Ligand SMILES: Cc1cc2nc3c(=O)[nH]c(=O)nc-3n(C[C@H](O)[C@H](O)[C@H](O)COP(=O)(O)OP(=O)(O)OC[C@H]3O[C@@H](n4cnc5c(N)ncnc54)[C@H](O)[C@@H]3O)c2cc1C
Ligand SMILES: Cc1cc2nc3c(=O)[nH]c(=O)nc-3n(C[C@H](O)[C@H](O)[C@H](O)COP(=O)(O)OP(=O)(O)OC[C@H]3O[C@@H](n4cnc5c(N)ncnc54)[C@H](O)[C@@H]3O)c2cc1C
């Protein structure tokens, strides 16, 4: 009765929306089924995108032709480039977003995507024939046929929420959970487990005493997520506000520990170690006298604030008492208390690198269902699953997999499918061996052409990329060629605290100095400024900064590139019984211990052990004479 | 732990939002609890406000200082003044609305209302002590104390949805139902029953063949709902589209009748006779070969269309097959099928005219819970319940009740509490005895001063009202005084098909002619035009039309006013055994039968019998020598 689809995506969260649009944009007849069409890409927790390592992922999704970056831009109510004072590998874009607009923009995009049909309903069963998925059944009794199915159920599978001793079934507060699917997959042979995550109280901004808080404004700058022009936010920019817990607050909260589902054994599942509840922080960091908290506005106009850092499943009375001891929040009224949620996930080692399951053909998993946490991690898996479901449905045996040295997305998926997870997985820069390669400024250079070849990234993106790489190269060539006379720059150099020139040098050598940026030099070297006139105004920062990073960090970048290639090349070299790791002084202690314990058979296996870095591996290769 | 409230409103639908803002604006410390803060004032069914009789209600809510009119204006994507060709008692404003913006605007208003706190949660129990409500308990375990509680649970109490043989628990598709409250009230002695309503498929606009449909554009005009300036829509205006069912469509649908929950006995509860499902229409009007259907856009930008007139709980396959036989919808894809929902309501004769229950003190009911249907009916009850809950909480024994000759809202509530309901109650002009008094143009004149005295309508509203009444009176006086010479107007009179003047007459007498409007006369009588220069440009239509209606219909209006006063005056006259109704030839057949059957004791009781009109009562009074 219904037409047969190439790809069905179950769930309209961050993973599902990216998956569905990717598949449809590649030409697959796609259906996105979700329980509530007013909640596409709902931010279940904090109203923000990006941040350290996560910001890089958003830019990668964008470079591939996904939408998370565009939406994050359009709905920005505060933007900051984090870690700007550190090396460019650490620069991480982060936006505070209007959560209502975010949902609206997703809906807008979905509605305007060709080949994409939308359906509001809950999937309650997969149709599986001979270990191959062929469709889904829904709660209202509809059967849809499809070549492939992508499951992106998020925190909804048998979701159970906790607030103190109260338990509420549901996938998110106010929303129903999803049943039957886990049970069916368990029966089909999948391993499943429970994880937990949590969220803090939402506060009525009219009851906050801002005079006691520290204001945190956004950057004035011109950064954004998307490489495309025209995605700039038009929304009013808003500040975040900083406050702290205190001994008094901690005391109040501790009163509730005996009724805490975290501590009385009710919640057995693992929560995110790096985004813990306030009660976990009080236990784990018992010596800390205060914890920083951020009050983040939930939208351009709303009075609702999110209290970042105060996630909790303590009884609501306890949360409220603790809250009222916080400076500035003495009289705070809330819209609802924080809560924890437990949900089913599936051990991601049951997946191939394409995110297709090993047990059921043509079935893909993406997002929180794989044991990750975070919108960005979910969106990244979504676009990859969408691409691979499309390829699988097209039946030409192609797959699309990113390597660890190509993208954080590559690191993410490789970590998931090879190492599995024992707590909700979120991305950190430390998870990437080749951090200096995986920067936020060059995600397009790393990924857009690949995606264009696939048919996903648009010609516009390719043109922008080519313009950018050409201009960067021109700047570098110019800098290598152009000689600077001392009298033009010595004043600047002195001001910036670096030694004066005695004689002319190449512009390139000046740019190499850490204290000096191209933007300084433009002001004093007129021909350079004139030359840079060729860079389109809207992309000036992006392109000049791109050139500067390449110039300044060329050494590091090339070293990492070579190392990455070397490791790839020697992937299959046998190292079984070749080393007594305990005696290797030139590798890190952690690597020594892990290698000794795991005793990997090949270089490839060794390099995938977490805690073993590429330079540790390089030591082994050198010892082997490579 | 939580502060004690004056008024707690349960449910953030149309009734709840009006109730909460009214109480808070009057100064009561108010709490609005609703299950999902992203769905304030959600339009469960068609994205439209107003219409015949309902449009008058919206203007009355506005005149009282409520928000439904303002929101309907701001979110208008098409506006029409219905029945403009009929007498002004029948003029009814109607807007097509952007459903997303409507919710957003409600939220915005709620967030900016002083004295109003918001809480996201489900109420699962009332706290009742000695037959008096003192608070509520919620699903997440919070207890809130309050002087009064207003229940506005809509279609959520034990809600059960039907699509063919599939049954889904829930309050609206994708939303959870509300449990325990009905059971508690039943135990407390309330009578409860089940009602049903339904909604049609939602269609993907990209799959509609508009070339086969008839376009229906909105009015060009300057009408809107709110009496306040500045509420004009800024949204792009959109068209609706008309199509029809056909014998072929009916045939397809009839195939599904045996699996229809409406016909196989599954749904026993009563649905709205005047807004029936398509399957009911096929049975009730078996002779009709086609039914008109309207495709209504759901928002300014969305591709979603609502198929007005095609409400159904037939199996989804049957709905879809029928749909595909409709001209223009042969290839339509849908986002979800139509469904019916059954829910608990409470017999409204258990309420006082203040909407407080007779059984539990300080407990008020408003909206669909009272057996009504429609956003406007819900909003109207909401504002009245909010006002009365405030007054009750303030403890000064005041009540705020509107009479049948003052407002449709008066008719609505009087009908509910005196006659009860045996099907979902919606407003019609025929329910009002004093239709010519209860016009859409004069809701402010009827109600704003009353509400201002109460403290709800703002001074701005009062000023606008006073300006309007003063200007209308000035226009009337001018018209009575000003003499028109034949040569200025005879050409116009001929063009309009009415007899020429032989000699000068008063302007007033010309306006009395049905063919002639003030707007015509302005063009030919320069002094009149100059005089009308004093009317502020933004209110020109409103005020001139107001004056014209008073002039043209003065006779009718005065007669109804007198009659209304007479009926009020003789309310308590005893008529028991005074008449042999069967012999009264000068009253309507319906009145004759009803009076004979019910044998009312007083004029008051007689006039409240539905089907007995004020002029029927007048006949009785005349016979009694009054
Ligand atoms: C309370 C809470 C706190 C969180 N805290 C944090 C945090 O502090 N930091 C952080 O990084 N992340 C946090 N997260 C996680 C973050 O929200 C998720 O990682 C992210 O939303 C995952 O995206 P997703 O697309 O995988 O799933 P989700 O965003 O959960 O979306 C799942 C979607 O699938 C739909 N769906 C589910 N089952 C079905 C079905 N059977 N049929 C049809 N539709 C279905 C749902 O309606 C929903 O739209 C939190 C989540 C929650 C709920
Ligand atoms: C499927 C469907 C079809 C309809 N068709 C029509 C139609 O054709 N024509 C027409 O005129 N009207 C129709 N209606 C009716 C119209 O939607 C209602 O009349 C109107 O919305 C009633 O407003 P309300 O405020 O009384 O309730 P609702 O709009 O139903 O709002 C109730 C609110 O209360 C909240 N709530 C409920 N219980 C609790 C609780 N225990 N705790 C906290 N919050 C709670 C809900 O979340 C919701 O926000 C239809 C409704 C539905 C569901």
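Placed from the backbone N, Cα and C atoms, the Cβ positions cover glycine too.
Just so you know, TrEMBL annotations are computer predictions that nobody has curated.
The feature FAD binding site is assigned by TrEMBL to B:11, B:12, B:13, B:14, B:15, B:16, B:123, B:178, B:368. Long-range C-beta contacts of residue B:13 (FAD binding site), restricted to its own chain and to partners at least six residues apart, with a cutoff below 8 Å, comprise B:34, B:41, B:42, B:44, B:152, B:154, B:367, B:368, B:378.
When secondary structure is read from DSSP and collapsed to three states, residue B:277 (NAD(+) binding site) falls in the coil class. Listed in sequence order, B:198, B:262, B:271, B:311, B:312, B:313, B:338, B:340 are the same-chain residues at least 6 apart in sequence whose CB falls under 8 Å from the CB of residue B:277 (NAD(+) binding site). The annotation NAD(+) binding site is assigned in TrEMBL to B:271-285.
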If you run the three-state DSSP split on residue B:13 (FAD binding site), which class comes out?
coil
Quick one: of the binding-site residues B:11, B:15, B:123, which has its CA closest to the CA of residue B:273 (NAD(+) binding site)?
B:15
Sequence-ordered binding-site residues from B:13, B:123, B:271, B:273, B:279 with Cβ under 6 Å of an atom of ligand 2:
B:13, B:123
Relative to the Cβ of residue B:11 (FAD binding site), which residues of the same chain, six or more apart in sequence, are found under 8 Å away?
B:33, B:34, B:151, B:152, B:153, B:154, B:156, B:367
Using CB atoms and a 10 A radius, I'd like the single residue among the binding-site residues B:273, B:281 with the highest neighbour count.
B:281
In whole Å, could you give the widest CA to CA gap in the FAD site formed by B:11, B:12, B:13, B:14, B:15, B:16, B:123, B:178, B:368?
17
Fewest-neighbour residue among binding-site residues, criterion Cβ within 10 Å, set B:15, B:123, B:275, B:283:
B:283
Tell me the Cβ neighbour count for residue B:279 (NAD(+) binding site), meaning other Cβ atoms within 10 Å of its Cβ, over all protein chains shown.
26
Rounded to an integer, what is the Cα-Cα distance in Å between residue B:285 (NAD(+) binding site) and residue B:15 (FAD binding site)?
33
